[in-house]
Every structure is written in C-alpha cells, then in structure tokens.
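Asker: Copying in the features that Swiss-Prot gives for the protein in this structure:
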ACT_SITE  Tyr305  active site, O-(5'-phospho-DNA)-tyrosine intermediate
DOMAIN    2-135  domain 'Toprim'
DOMAIN    152-580  domain 'Topo IA-type catalytic'
REGION    186-191  region 'Interaction with DNA'
REGION    691-711  region 'Disordered'
SITE      Trp60  site 'Interaction with DNA'
SITE      Trp167  site 'Interaction with DNA'
SITE      Arg175  site 'Interaction with DNA'
SITE      Arg307  site 'Interaction with DNA'
Amino acid sequence: MKSLILAEKPSVARDIADALQINQKRNGYFENNQYIVTWALGHLVTNATPEQYDKNLKEWRLEDLPIIPKYMKTVVIGKTSKQFKTVKALILDNKVKDIIIATDAGREGELVARLILDKVGNKKPLRRLWISSVTKKAIQQGFKNLKDGRQYNDLYYAALARSEADWIVGINATRALTTKYDAQLSLGRVQTPTIQLVNTRQQEINQFKPQQYYTLSLTVKGFDFQLESNQRYTNKETLEQIVNNLKNVDGKIKSVATKHKKSYPQSLYNLTDLQQDMYRRYKIGPKETLNTLQSLYERHKVVTYPRTDSNYLTTDMVDTMKERIQATMATTYKDQARPLMSKTFSSKMSIFNNQKVSDHHAIIPTEVRPVMSDLSNRELKLYDMIVERFLEALMSPHEYDAITVTLEVAGHTFVLKENVTTVLGFKSIRQGESITEMQQPFSEGDEVKISKTNIREHETTPPEYFNEGSLLKAMENPQNFIQLKDKKYAQTLKQTGGIGTVATRADIIDKLFNMNAIESRDGKIKVTSKGKQILELAPEELTSPLLTAQWEEKLLLIERGKYQAKTFINEMKDFTKDVVNGIKNSDRKYKHDNLTTTECPTCGKFMIKVKTKNGQMLVCQDPSCKTKKNVQRKTNARCPNCKKKLTLFGKGKEAVYRCVCGHSETQAHMDQRMKSKSSGKVSRKEMKKYMNKNEGLDNNPFKDALKNLNL
C-alpha cells in the first residue's frame, strides 16, 4: 500500500519526488515503492457557472436575479480535465491507502486539494504537509512531521465559504448592474471597496486648499537654529517683527544637551511590504513582484513562502539562522554577512514571536545558496532586498548622539538639532552610511553673534495619489485612510487585515485596471468615469471597506472553528437579495462618456474607448458582444534614438511604433530591426526563450512583430 501525495503544481511535485527519491516517472505522476506523487495545475475543479445549473441562465436577464442555488455545484475545468482524470484514478486506486495534501500551505491551497477530493468522492484518510519553503531539507523535515488532515477541516470550510460567497455576491451584483444599465459593470465584495478607497483619496486631493506658512531661522557660526514654537505662523509680518527685535542683539547659549539613542531595523518582509518597496525602488508592480517572488520560491528555492502577512519568525527557527546567513555569502552583502556567522542568536530577539505568526512566517532567505548568474535582473533585485532586510534584522542597533543646542535671543528661543552616529550597526549594510562627527562649537553660557536671519515661505501640500505600492498598503490598513463613525470599526479593520488578503490584493488591483475602473497616469492611480459611476450605482454597503472587513473577520472565525460556514453563507444570500432588489428598484442612469463613432465589427454598435494599464482599447458597448480592439499600447521595444519605450498603434502589418521624441517606424521596419539584432534568422527556440523571459514582457510588442517573420 502506498501514500498518494497531491501537490499544487508540477514543479513542486518534482521537488517532492526529488527530496523523497520517488524516481519512477509515469504519465502525470511519479512513483516508488512507498509514495505516489501527482499534481494539480492550480485549480482543477471550480464553481459551476449559472448556465451549468440551468441553460436558460446563459443569457443575462434582470428578471432571473437573484441566482441563488440551493446547493453549490462544482465542475472539472475543461482545459485541465486530463490531469483531473489522472488524479482521480490515483485517488481511487486500491493500492493507495491515504492521501497527503501537499498543496500550498494556506486557505487557497487547501481549497485546491479539497475540491478535487470532494469531486472524486474520496473516503481515504488525509494527512497534511505544512511547510514554508520547498527546499530538499524543508520537504524532508515536513514529511517527518505530517499532520492529521482533519486539523485543517476548518481552514477548508473557511476557504469554501469565501469561494461560494464571492460567487453569490459577485455573479448577482455584476449581472444586476450590467443588465439594469446595459453596460459592462462589475461589483465584488473586495474590488468595489478598493475603488472607493481610491476615490476617497482623489476627493481629498481635489478638495484640498493649500495654505502658506512661514518659518524663521538664525545662522550662528555656520549652524542654522530654528525658532521654537508650538504654532504655525501664517502671518509673515509676525516673524518680520521678531527679526526687527533681534537686530544688534547678541544671543546666549542656554543649554547643550546630548542624549544617546538607538534606532532599530525595520521588520522582516511580509508580502505587502515587499511589494510596496519593490514599487518604491524600481516601479515594479505588485503582480509582477509576486510572480518574481514565486519563481524565487519554487524554481530557485532561495526564499521562503511568499503569501505571508507576518513580519516575524517562530522561535524554533533560531538554530537555522547560520545556514541562511551562509547562503547569502553569494551576494554583494557577503562582507556584512560574514561577521554574523560568529554571532549567537536568541529566541528573545524581537524578530522571533510565535504569537505573531499564523500560517507562515516572514519572507527570508532559505539555506540554499543561489547561483547568482541564474537569476534574472528582476529576481536579483528582489532577492537582494530580502537579503538586505534579513541581515539588517540580525545586526546590532544603530546608535547615535542626539544633540540639542538651545539659543535665547531677545526673549525668543531657537533650537539646533543634530544627530551624530556613534555605532553604524545595521546601517552598515547600506552604501553611503558612515560614522559622523559634529564639531559643534557651542558651550552652555556662550555669548554668540547672529550672522544672518532667514524667513522661509512654505505651502501645505495635499495627500499624494495612490500608486500601486501605496494602494496595497492602504488596502491592508484602510482605517488610516477613511473616516469611520465608530472607533471600534477601525479596530475591526486592523484586526482583519483590511480589504482582501496578501494573496489576493495584487490581483484585485490588476482586475480594476483591466475593467477600466481605475487608471494610472504617471504612476498616480485615479478613478475613471466608469469607476465613479460604479460607486454611484452600487449599493452603499458594497462600497464600504468595513463590510468586507467584517466578512473577513467571520471567515477567520470559521477558520478557527468559532463560526458556522453555513450561517455565513446564509447571511451572504440575504445580503445578495437586498443588493439585487436595490439595483432593480434604482432610478439612476449610466452614461458612457467615452463613446466613439467606431462601429463594432461584430454587432455594429458604437464602441467605447477605454484606457488600460499599458495603453488604450476599443470595447463594444454591448456587454454580451465582448468584442475588443487595441488602439494603442506601450511596449517593451525601445526607441533607437532616445531609448524610451515605444507605443504600438494598430496591429499586424499595418502596425506603427511611435515614440514621444517623434521617432516612428512601421511593422516591417521593426521586423527588419529584430532580424538584424538577431544576426539574420531567429530560431523558434531562441524566440520562445526570449518571449518567456521573466522580465515583465506580458505586453511584448514582438509577439505581433515576430509572428510575421519567416521562422
């Protein structure tokens, strides 16, 4: 009898097979005399569509809503049905005694496996592999500590409840809004509050009125002292009067105080923090960061599990620090890492906290030493950031003297503040940081002359527009960005982790871009006209971050066995009925403000011009038509003159590439450029390798250009 191991992806199945020496390769699985390891391809089973309940529901009609099945059905996904049949046969095989679930250790990973097992009708015992990295050592250790699968039943119930609730709310709200207003409109329990978050920030900026204020400083022996005051001066004349009082008056040093202080490194990375920093440093979006991180985790095995919301490690990891540090010696941080090899680490360090780790600990390097030449440019940047943060967390604090010099002149107090570094500590890892010395020439009681006075004019600034990084953080902590009637609501939002989860937020932002509810202009995210109208037409409850946080709180309670999934689903059904009735009875109107005179080639109706993340697109106004045409999109092809990215207009042989500098070239010229760059003929293998580069080439212009080449 054998144990069947079910992994989430083929790559993880191969890693498990390698770690456990399961060497016999079969069609869709690996096998030895103890184990069989097979895989899903992400989800193999999903929720049925409305028309799979009733073929009459294929056509969207307002009168058919709400669609609330008595029992939710699941179906096998067509394009991966072959692998499902393989997995099913193995589950039902008489030589298989039990199932080891080895999908991702989290809510969604549990759902992937359980939907398959339920669809097959499995009755065999379950065990669970729960690991945070897929290195050989981690897998082998995990198999020595397999858990009883029943321990994760509540996790599955929470995952299933989330999936079914999203289906019930999303299908009905989207169909109701679309059929009511004859427009492609979409609602969801996470996406709609996110639009509201962006809209609230946009309104704050639009309503902001700048105010002028003034500050006064004195220069003494080359050092600038600032006027100490509890108020902001909006009247320049007040400061000018103070300056007049200071003329021909000497000052006196009232005190020179030195206080020794320490600063500590930032927390280890969770996914949201890492995505935010990648955008801040390199303008790499959250989705691209997650994909790159997944590659570092699965393919290279040099970092731990990506989809974590924790900034801490568990105390049982203390003894693994040295081997992880050893792995980082392959990086440019080897000189900073080397002294840490002789340091003793304790579970009392602030980075170790069992109470602040739920499913997975913070993202840190594994014990696998990377082959740096194997990493892409983006993978290298991301890995370096993780290593930098990890090493900083293990280093000593940064120490400095905070010096405050207080000056009195004509009854007014001025202050000079300087920080003098005494111990670099963790800041030694960053270039440009060094020990500083301040030869401040002041002593208490000194009489000093004022060499210059300076009144500076300032202006208050509005809050910044969200970018892809800061929007993620706002989704995690929406209570910091919206006004709430009751403080307990802020606590609810904080406890539940805000809108969405670390695993879903990047996808939500991406979806909002694709549905033209939000747009990015020069890195500033704004709500489109369509997004604003969605907020106006949607039921108010569905636009509130608080509501989705309360739902998430209940899902967490289900996960902990403290709330019934059935109760939650019934609440979602009642909520959906109210939403649909509200939309049906609404007398509001939807207006296309981007309607063009271009006729749809499929149905003849006028098309709508929409902005996408990378350009513009024409979309048929009829939701049932679904015809789309690219108008323009930014590509990764570079201008031969100024090296900026070219924008593609049109498609096929008629396509034209244009640059902001004025350069323009036809598709034929681009083809020729590609040929000469590749020394003539381009092989299929070379082209496939080029197109698969993990460097954000999702909208690669050469997909169109190269298909016309005679390869």
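Keep in mind that glycine also has a Cβ here, set from the backbone N, Cα and C atoms.
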Asker: On the DSSP side of things, how many residues of the domain 'Toprim' (2-135) fall into helix, strand and coil, could you say?
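Answerer: Helix, strand and coil residues of the domain 'Toprim' (2-135) number 50 helix, 33 strand, 51 coil.
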Asker: Tell me the residue counts in helix, strand and coil for the region 'Interaction with DNA' (186-191), as DSSP assigns them.
Answerer: 1 helix, 0 strand, 5 coil
Asker: Where among the recorded positions Trp167, Tyr305 do you find the Cβ with the fewest other Cβ atoms within 10 Å?
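Answerer: Trp167, out of the recorded positions Trp167, Tyr305, has the fewest neighbouring Cβ atoms within 10 Å.
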Asker: Return the count of C-beta atoms lying within 10 angstroms of the C-beta of Arg307 (site 'Interaction with DNA'), excluding that atom itself.
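Answerer: So the Cβ neighbour count for Arg307 (site 'Interaction with DNA') comes to 23.
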Asker: I'd like to confirm something. Which of the recorded positions, Trp60, Arg175, Tyr305, Arg307, has a Cα closest to the Cα of Trp167 (site 'Interaction with DNA')?
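Answerer: For Trp167 (site 'Interaction with DNA'), the closest Cα among Trp60, Arg175, Tyr305, Arg307 is found at Arg175.
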Asker: Using Trp60 (site 'Interaction with DNA') as the reference point, find which of the recorded positions Arg175, Tyr305, Arg307 has the shortest Cα-to-Cα distance to it.
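Answerer: Comparing Cα positions, the closest of these recorded positions turns out to be Arg175.
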Asker: Please report how many Å separate the Cα atom of Arg175 (site 'Interaction with DNA') from that of Tyr305 (active site, O-(5'-phospho-DNA)-tyrosine intermediate), as a whole number.
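Answerer: Counting only the Cα atoms, the answer is 37 Å.
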Asker: Where does Trp167 (site 'Interaction with DNA') sit in the DSSP three-state scheme?
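Answerer: Going by the DSSP assignment, Trp167 (site 'Interaction with DNA') falls within a helical segment, counted as helix.
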Asker: If you count Cβ atoms within 10 Å of each one, which of the recorded sites Trp60, Arg175 comes out on top?
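Answerer: The residue with the densest Cβ neighbourhood is Arg175.
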Asker: Looking only at the domain 'Topo IA-type catalytic' (152-580), what is the mean pLDDT?
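Answerer: Its mean pLDDT is 92.
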Asker: Going by DSSP, is Arg307 (site 'Interaction with DNA') part of a helix, a strand, or coil?
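Answerer: Arg307 (site 'Interaction with DNA') sits in coil per DSSP, no helix or strand.
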